[in-house]
Amino acid sequence: MDLNKINETKADKVFMGFVYVALTFALLIVLYPLIYIISASISDPAAVNSGEMWLWPKDITFEGYRIILQNDAIWRGYMMTIFYTVFGTFINLIFTLPTAYALSRKDFYGRRFFTLMFVLTMFIDGGLIPTYLVVRNLGLIDTVWAMVLPNAVALWNIIITRVFFQSTIPRGLEEAATIDGASNFKLFVKIIIPLSAPIIAVMALFYGVGHWNSYFNALIYLADRSLYPLQLVLREILVLQEMSSNSVSMTGGMAEFIHSQQQLAAIIKYGVMIVSTLPIIVVYPFLQKYFVKGVMIGSIKE
Amino acid sequence: MKQQAPPISHVQDIPRVRTKKKNRKIIQNWQLYLFILPTVLYFIIFKYIPMYGIQIAFKDYVPSLGFAGSEWVGFDHFIRFFNSYYFWDLIKNTLGISVYELAVGFPLPIILALLLNEVKDSAYKRTVQTVTYAPHFISVVVIAGMIIAFLSPTTGIINSFIQLLGFEPIPFMSDPKWFKTVYVFSGVWQSTGWGTIIYLSALSGVDPQQHEAAIIDGATRLQRILYINIPTIIPTMTILLIMNLGNIMAMGFEKILLLQNPLNKSASNVIATFVYEAGLLDAQYSFAAAIGLFNAVINAILLITVNHIAKKTSETSLW
């Protein structure tokens with residue numbers, strides 16, 4: 001597009017100047033809170049709360065991180081979240097990959113029926129209360145299964161995976177395998193899965209991030225604190241305690257207790273934001289690439 | 001008569017052959033049914049049984065009697081909801097937040113995508129994309145924590161800036177007036193960058209020759225955006241607008257629930273959070289299910305209507 005350069009008028013130059021200013025503005029607006037959190041997590045809370053620290057760390061201290069690392073609730077939540085993420089993602093893949101493969105096969109009689117059965121639930125849905133009652137009637141409340149089974153599979157991911165199989169697995173391969181007498185199961189395990197590393201990675205990331213970040217299922221299905229995932233622990237630290245500082249004051253010892261709780265929350269709140277998001281930050285380069293691809297496939301297909 | 005016989009038998013043959021072929025296909029691929037079985041069971045248990053359970057909206061659900069065994073009460077729950085003093089507040093808050101969010105949140109990703117599309121692939125462009133996509137992956141709990149921390153009237157950085165400029169600190173989280181704005185603009189911060197992806201992919205489909213021809217004709221960049229790029233993404237915009245409008249009664253309820261507190265509740269009480277409260281905190285299962293169903297029905301009507309209008313006026317539609 002060298003034509004762009006040759007024919008660039010004055011109006012175009014002004015316009016491009018505006019484009020760069022606008023993009024830089026967007027960049028700074030998004031970046032600033034992220035930098036602030038990092039700086040605040042290693043600054044003296046007094047400097048943070050007074051507004052003295054507004055960009056770079058001030059009076060650097062790692063006290064917040066020390067408290068976080070010693071906090072049992074956070075550790076336990078971290079462990080539970082790792083467990084839910086690994087186990088939940090494993091279940092998701094066990095459900096998603098074979099289903100998407102079956103639906104990708106043109107000679108699979110009933111694929112239209114099953115697709116319709118799945119897609120219909122996008123438009124009609126039992127809603128929160130009936131779903132909750134089903135989960136409760138199954139006896140899943142306060143078990144780890146409540147964190148895994150109600151989200152065992154997501155339709156959108158089945159669709160993306162099916163598109164992958166349809167566009168990358170050569171048709172001849174399946175026919176050749178069938179002629180050789182290989183069963184569908186053998187074909188899937190020995191040939192399809194080894195060819196599908198990219199989509200398995202994408203799906204593991206999609207589902208994994210979902211498990212890591214979710215809090216609502218835990219909120220409604222878990223009462224036992226020992227099962228709490230990290231996000232519910234965070235909710236107590238970041239949302240509920242801060243709330244108590246906004247509401248009306250209490251008297252006597254209770255007020256003191258709340259005050260010390262607030263001090264604690266003030267010291268650790270930015271640190272826990274970092275600590276809880278760390279795994280996502282580590283995989284973000286992969287996430288960005290694969291998620292963008294996922295959004296693209298979705299937009300082409302539907 | 002004899003002449004007609006062969007064609008008849010031939011006609012009868014086709015279905016038989018088809019059935020045979022179909023049966024062979026089913027038998028040959030029986031393992032594929034095992035592949036799909038867990039997912040079918042999942043959809044039956046977690047999607048279709050709850051759908052069947054929606055009947056409790058017209059019943060008085062008693063856990064020991066189950067979905068089917070509970071007693072019918074007709075439209076009692078709906079009538080109670082329509083006549084309640086909070087009905088119009090819930091509708092007003094729900095629609096108010098959604099419309100505000102749509103008005104601000106819908107155009108911004110389009111504008112950002114059009115701007116990004118003007119910049120040639122470079123380290124700068126990739127930096128802007130990497131940074132603006134990032135908040136999409138931050139959990140809603142952390143987002144809520146950030147909002148509450150940044151907007152605190154005593155210790156929040158936003159209020160430090162406001163005071164620096166010589167104004168009084170604003171109690172964002174406890175003043176109901178501010179709730180919608182806080183909700184909408186935190187959403188803008190989190191999702192505008194991510195929202196550009198779908199438009200950028202649509203823009204990559206523009207034929208470069210169209211631009212070359214326009215440049216030769218002396219069209220400025222702005223003109224080319226207006227007359228080439230924007231018309232290209234209008235179908236994508238239409239589809240997303242239909243989907244957003246069809247979802248107007250079902251917004252990011254998880255974030256609202258986290259940001260809600262007794263002081264801002266007059267503005268933050270929406271249908272979805274009310275269903276959660278009435279159903280799961282107060283155990284009024286049937287009443288809450290009825291409100292949820294009412295909300296879903298309104299959504300479905302909106303989606304169908306908007307899709308119909310889009311089909312009539314722009315020839316782009318979901319179905």
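From the backbone N, Cα and C atoms, a Cβ is placed for every residue, glycine too.
Non-local neighbours of the transmembrane segment (A:14-38) in the same chain are 54-55, 270, 273-274; each lies 6+ residues outside the stretch with a CB under 8 Å from one of its CB atoms. According to TrEMBL, the transmembrane segment annotation covers A:14-38 (among others).
Taken from TrEMBL, the feature domain 'ABC transmembrane type-1' covers A:78-285.
The transmembrane segment annotation in TrEMBL covers A:82-101 (among others). Beyond its flanks by at least six residues, the transmembrane segment (A:82-101) meets 144, 147-149, 151-154, 157-159, 161-162, 164-165, 188, 192-193, 196, 200, 203-204, 207-208, 211-212, 229 of its own chain at Cβ-Cβ distances under 8 Å.
Taking Cβ pairs closer than 8 Å, the transmembrane segment (A:113-133) reaches residues 102-103, 150, 155, 158, 220-221 in its own chain, all 6 or more past its ends. The transmembrane segment annotation in TrEMBL covers A:113-133 (among others).
Under the heading transmembrane segment, TrEMBL lists A:145-165 (among others).
Long-range Cβ contacts of the transmembrane segment (A:187-209) within its own chain (Cβ-Cβ under 8 Å, at least 6 residues beyond either end) map to 85, 88-89, 92-93, 96-98, 101, 154, 157, 160-161, 164-165, 168-169, 173-174, 177-178, 280, 283, 286-287, 290-291, 293-294. Annotation source TrEMBL lists transmembrane segment at A:187-209 (among others).
Annotation comment: TrEMBL describes A:267-287 (among others) as transmembrane segment. Here the transmembrane segment (A:267-287) has Cβ contacts under 8 Å with residues 37-38, 40-41, 45, 48, 63-65, 67-68, 71, 74, 78, 201, 205, 209, 212-213, 230-231, 234, 237-238, 242 of the same chain, all six or more residues outside its ends.
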